[in-house]
């Protein structure tokens with residue numbers, strides 16, 4: 001216990017020293033930071049003083065500026081109050097005359113109206129850094145626009161046409177405030193309000209007269225400029241230097257632009273600013289917005305909404321044509337009725353409000369998805385046709401012969417079209433004026449031609465070249481459904497159904513036929529004829545397998561075109577009825593032929609090969625089945641092992657649960673032990689404190705052991721100790737006197753059962769006297785009293801005595817071996833070994849040392865505790 005107390009005391013001392021060192025270091029750091037901060041604070045104070053000086057200078061400059069501004073504003077106010085106010089001119093990019101008119105209105109208003117000035121208050125609040133100076137002048141003109149020339153009535157100079165008693169109000173308000181200005185002398189605020197509202201009934205006459213004179217002067221200037229321009233043009237004409245810049249446009253676009261000419265002139269005269277756009281569109285301004293129109297129909301709709309525009313253009317815009325729509329069979333499309341084969345001379349005119357007369361003809365073509373289906377089905381039927389050559393050879397010969405005749409007809413038409421194109425190129429050499437006259441008076445080169453619509457049986461005849469547009473469409477699906485019916489009724493129904501489907505599914509593709517580009521014209525015609533030839537060649541197979549329309553377009557005479565259309569309907573209806581029944585038979589015959597050929601071609605070698613392959617397949621299948629069975633057996637055998645593993649896992653999980661419970665209990669015990677250890681340490685500390693107190697109280701005491709007791713009790717303890725000192729320590733009396741406080745036997749009561757005499761406890765005045773006696777007793781080794789040997793020791797507590805008693809056996813062995821052992825306070829073993837003193841606090845420490853030292857271990861032998 002004494003060892004633990006010493007270790008605790010040493011730890012406390014170390015901690016105290018560490019705390020002192022830490023506090024000392026912190027104090028030094030604080031002193032250093034104070035030294036570093038001091039110059040920084042000095043610099044900051046200096047910077048602040050410099051900034052304040054600069055700020056004062058700036059404030060003085062600001063005061064000077066404010067004084068100058070105040071003086072200028074005072075001068076301006078005086079000028080305004082004296083009737084010298086000037087109003088800035090208003091800039092207007094559209095009319096230069098508006099500026100002068102506006103200035104005159106304001107001057108007249110200022111002359112006839114009075115001005116009132118109010119100066120209100122002084123000593124207003126003025127801030128340090130804010131300045132708000134406002135100067136407003138507002139002129140509200142309630143008279144409306146003054147730019148139109150027809151604004152005033154020429155017969156009456158006092159009244160206006162739109163408002164008989166229209167008045168003009170001019171309101172000028174000028175406001176000036178000086179606020180938030182730092183002034184040392186005082187605060188001033190000037191607020192000026194200048195308002196002027198007065199009707200202009202008295203001065204209308206003079207004002208209107210002045211406006212009329214100005215407008216007359218402007219008209220004269222405009223006339224002079226026009227005359228100058230005309231004179232310059234005449235001079236240039238005389239000199240032969242007239243230049244005209246015209247866009248290089250085709251004749252069709254020029255003809256279209258002529259339709260807008262009358263409309264253009266009327267709009268230009270009424271200041272609508274019309275323009276021709278590049279896409280042959282008309283644009284003009286209406287209500288401040290630019291309106292664009294691509295055709296007369298859109299313009300007519302807009303005019304119907306605007307009454308003013310409708311009245312202007314009522315003589316120019318054509319009336320709508322009513323279209324009589326019949327039934328489904330005879331209903332002709334609106335665009336096809338209004339198509340125009342337009343050229344430089346506008347041949348074959350048909351009235352149209354749109355721009356469709358730019359195109360030769362609008363042809364309807366199948367969708368791209370349907371064309372792909374046609375191509376795939378054509379490939380399938382081409383294979384069937386090769387097999388069907390023997391059965392239907394005669395029908396194919398007739399069809400090909402008819403197609404060759406039809407191919408020869410467009411070749412002749414191409415020559416006629418080339419001749420017409422050459423004639424049109426010669427006509428293009430004439431000027432624009434001749435073209436306008438020819439379009440209005442002469443007939444075109446295409447007069448006498450016919451536009452034939454075989455689908456709806458409509459013809460447009462002319463005298464020259466005959467053009468026919470034939471749309472032949474067949475639908476095989478509708479024909480296959482009606483195979484059982486009569487041929488005549490079947491033909492009529494199929495043609496009607498195909499015409500209906502074609503009108504729904506086809507797309508419109510316009511072919512431009514501009515007369516100015518003769519090369520393009522030839523190419524377009526050649527492409528059209530070439531397409532007709534290709535489509536006629538593929539007419540029979542496509543009609544057999546698909547229900548999509550396949551169109552043909554050819555140029556021929558009226559009689560030939562009608563015959564061709566009639567023959568084509570017959571051919572297609574005949575082929576549709578014959579091939580549908582023949583295809584199924586051919587398929588069956590082909591399947592039989594292929595089977596027979598396949599069986600005949602198989603030879604013996606091929607049969608052997610097939611047998612070998614079959615055997616190999618069988619063997620491989622059997623092997624795979626065996627392997628699968630083996631794997632299944634292995635799985636079954638391993639199933640028991642899996643079950644055992646599952647059981648073992650269950651056991652392990654149960655054991656784990658038990659272990660967790662035990663660990664929890666052990667943790668609880670450890671917590672309890674930790675609590676017990678805390679209590680034990682507290683008890684040990686308290687005991688150590690008690691022992692220390694007891695040891696200090698016994699520090700001046702000596703025990704005398706072995707002095708016999710007399711029955712008479714004549715000899716007292718004090719006399720006995722004096723005799724012992726005189727007998728054994730006579731030299732100590734010479735140097736100093738040993739003062740004894742008390743001496744008595746312990747315990748105070750006599751125990752008759754006790755065999756040994758009681759100890760005598762002697763207490764000295766000083767602990768130094770006690771130490772002298774103990775040191776002398778160690779040197780003498782033997783102390784006697786009246787010839788008997790006695791023992792003299794220090795007075796110690798029971799705890800220290802118990803701790804020292806543990807060293808008794810070790811002490812004896814070391815004493816016998818000559819190591820000079822001794823027990824130090826409170827219970828330390830010390831002995832000499834190899835010229836050094838070894839000190840041990842506990843027996844465990846001594847045992848560890850002996851085990852590592854073989855010499856000591858040999859000497860001590862079995863006496864090691």
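For all residues, glycine too, the Cβ spot is worked out from N, Cα and C.
Swiss-Prot lists region 'Disordered' at one of the ranges 567-589, 590-612, 613-635, 636-658, namely 590-612.
In Swiss-Prot, the entry for phosphoserine among 7, 422, 665 corresponds to 665. Taking 257, 294, 307, 518 one by one, Swiss-Prot attaches phosphoserine to 518.
If you compare 392, 472, 674 in Swiss-Prot, the phosphoserine annotation sits on 472. Residue-level annotations in Swiss-Prot identify, among 98, 154, 487, 154 as phosphoserine.
In Swiss-Prot, the entry for phosphoserine among 430, 478, 496, 543 corresponds to 478. Residue 665 (phosphoserine) sits 25 Å from residue 648 (phosphoserine), taking the CA atoms of both as reference points. Mean pLDDT of the predicted structure over the coiled coil (642-684): 92.
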